[in-house]
C-alpha cells in the first residue's frame, strides 16, 4: 500500500520542550522550523509557508492576506502561541475556511503575577532605588527619600475584567485595597462580586483610581483608548500599568503626562513597536518602567502554551476538535 502523504507543518521558531515533543511524535506530519530565537524575516516566512497544511506562529508573526496567498490552498490550520490574535487577519482567514487555535487560560496566572510585580516595582520606585545603591546615591537617609505609593486603602481601576483582570484583582485584594473599579464592554456582576468591584464609565475610573491596570483585549474600540484625555483625568499621584497591548495606549500622550508630572509613574510590559527602540523618549524617564513583554514568561507557562499550541495544530489537521479553538 502506498504510504499516506505527510502533512507539512511550518513552525516560525523554536518551541519549548513539551510542544516540540508533541510535534516530533506526529507521524502524519513533516515539520519544518525556523531555528532561531530571533524573529523570522518576512521573506523566509513567506517561503516557509508555501504548501503548508499547518502553521504554528508567534504573536510577532503577521499573518495577513499576502502570507495566506503565499501558503496556498493547502493551509487549513493556524495555531498561535499566544492568547492575543491581533496579528492574524481573521476576516481573511475565515473567508478561506482556515481554523485557528490559540492559548487562552494557561497564561492567566503568570501574566497576573507579572502585572502585580510591575505595579509594585513602579509604585515603590524599585529601579530608581537599585540605581541609587549602584551609583553611590545611598549616602544618607531622609524621611522622603525614595518614597513611593502604597496599595493599602487605595482605589484600583481595572480596564478589562476578563480572566487576567480578575486574577490581578484577586492578587491585589490582600494588600488592603479599599475599592475596585472596572470598565469594559458591559458589566460583569458575577465576576465582579468577588471583589465588590464597581462598573463605571472609563472617565470616572481614570479620575478616581490611585492605580490603573489595563488588561483588555486590543480591538477597534480599545485602540488608543488611553490617550491625552484619559491621562488628564487621572490624579497626579496615580500609577498607570499596561499589560494588554501597546496600541491601547497613545505613547506620545503618555510621555507628556509622565514628563510633565500629570501622573506619577507608569509601568509597561507592552509597547508599540516591540521591541521598543533604545532611543525612545519613554526610556529617558525615571518614572517609567518598561519590560520586554514577559507577562507569560515562566518555564511552566511557556511549556504549557507550546503543548497546547501543538495539540491545537495537530487536532485541526486531523479534523478533530481543538483543545482551544478561536470561534471565527
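Placed from the backbone N, Cα and C atoms, the Cβ positions cover glycine too.
For 36, the entry in Swiss-Prot reads phosphoserine. Annotated substrate binding site per Swiss-Prot: 83, 84, 245, 269, 293, 294, 295, 296, in sequence order, evidence recorded as similarity to another entry. Residues or ranges marked as NADP(+) binding site by Swiss-Prot: 162, 163, 164, 185, 186, 187, 188, 217, 243, 295. Residues or ranges marked as active site, proton donor in Swiss-Prot (evidence: similarity to another entry): 293. Look at Swiss-Prot and you will find 298 tagged as phosphothreonine, backed by similarity to another entry.
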- Task: Would you kindly give the Cα-Cα distance separating the residue listed as 'phosphothreonine' and residue 83 (substrate binding site), rounded to the nearest Å?
- Result: 15
- Least crowded of the recorded positions 36, 186, 296, 298, counting other Cβ atoms within 10 Å of each Cβ, is 186
- Other C-beta atoms within 10 angstroms of the C-beta of residue 293 (substrate binding site) total 20
- Task: Report the largest Cα to Cα distance, in Å and rounded to a whole number, among the residues 83, 84, 245, 269, 293, 294, 295, 296 that the record lists as binding substrate.
- Result: 15
- Query: Taking Cα atoms as reference points, which of the recorded positions 36, 162, 186, 188, 243 is nearest to residue 293 (substrate binding site)?
  - Reply: 243
- Relative to the Cα of residue 269 (substrate binding site), which of the recorded positions 164, 186, 188, 243, 298 has the closest Cα? 243
- Message: Give me the CA-CA distance between residue 188 (NADP(+) binding site) and residue 84 (substrate binding site), in Å, as a whole number.
- Response: 21
- Spatially speaking, which of the recorded positions 294, 295, 298 is closest to residue 186 (NADP(+) binding site)? Use C-alpha to C-alpha, please. 295
